[in-house]
Amino acid sequence: MTIQSSVTFKLLDDTTIPWIAWGNGTGDAKVKALDCGRAALESGIRHIDTAQIYHTEKETGESVKQSSLKREDIYVTSKLSSHDDGSSRSLDEVVPAIQESVDKLGSVPDLFLVHNPYVAKPGELKSLWKILEDLKDQGQLKSIGVSNFRPQDLEIILEGAKHKPVVNQLEYHPYTLAHLQPILDIQAKHGIVTESYGALTPLLRHPTGGPLKPVLERISARISKVHGKTIDPTVVLLLWTRAMGVVAVTASGNIERIKKMGEIATLPDLLTEEEIKEISEVGKKVHFRHYTEHMENDFALPDLPNGA
Ligand SMILES: NC(=O)c1ccc[n+]([C@@H]2O[C@H](COP(=O)([O-])OP(=O)(O)OC[C@H]3O[C@@H](n4cnc5c(N)ncnc54)[C@H](OP(=O)(O)O)[C@@H]3O)[C@@H](O)[C@H]2O)c1
């Protein structure tokens, strides 16, 4: 039996978000953010993910302007990042930094995230979130959310929050499922949507692909036959992400791949419930992440092999 999923997900604040985004924070997508952003929009992608620290907000705004689409038909995400040297933002820097993002983008982003909990100085995370809540109330920001937040970070801002974060953008794929479970439990309780970056890690960054690789290859072969078009194993991972109710933030600086990404955006549900479950179950037997950073600090790792 196949499941029914939509090309957009509903957020806590009653807005909707396209299930797949093209991001310009990594690889060639970052270097060629304007041309690739334009190509992504022409190919059918309706969601661009940028951040202050990527230095691609201007190119993001320009690609939106140069496209034949109306601004309201495109979903733009940006993020309040730390300084380029990694140092945190003082509270009085937050409003001007957000204004700078809006100026570079040429419009208010549909979603604005706190890039990670260390953007705030120690002990100031709650106050920083309050600034975002106030800007939302004043109509200067639209949806607000977070990224790379562990359970303890979520708990700080959720306590007495006027506006809960609508999303938490994380490295999310089958090999992080076991580790992320405490975060996913909090998010399920509060209705916070997960956004996945690094979704292709099991296939592209794990040294061997681990036990998931043959499973994804088998599913890819089955659905390519049924669909009459090649659906490669990376696409299977993205479709699994959607089936899990998680927004996929992927990237490419390769025009041919960007075109395929546009086609993926409107693919029907091709995975069966059994296949979705199998990908999750096999993934949960391994722990492997590409972007370690602080996600392994003060957040217990599961006792699992890396599956090499
Ligand atoms: N919030 C955060 O802290 C955070 C952290 C990391 C990333 N992000 C966001 O998420 C976006 C995506 O991150 P990601 O790069 O980790 O995502 P990903 O989807 O795991 O990987 C995308 C990369 O995979 C390559 N690729 C895609 N399909 C491929 C295929 N079939 N075969 C071989 N290579 C393939 C692309 O290279 P080509 O260019 O050659 O196609 C691209 O460099 C970033 O750009 C950024 O917007 C956010």
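From the backbone N, Cα and C atoms, a Cβ is placed for every residue, glycine too.
Now, the feature entries from TrEMBL:
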- 29-282: domain 'NADP-dependent oxidoreductase' (DOMAIN)
- Y54: active site, proton donor (ACT_SITE)
- K79: site 'Lowers pKa of active site Tyr' (SITE)
- H115: substrate binding site (BINDING)
Next on the checklist: If I take every residue in the domain 'NADP-dependent oxidoreductase' (29-282) and average their pLDDT values, what number comes out?
Outcome noted: 97
Checklist entry - What number of additional C-beta atoms lies within 10 angstroms of the C-beta atom of H115 (substrate binding site)? => result 21
Item to check | K79 (site 'Lowers pKa of active site Tyr') in three-state DSSP notation | outcome: strand
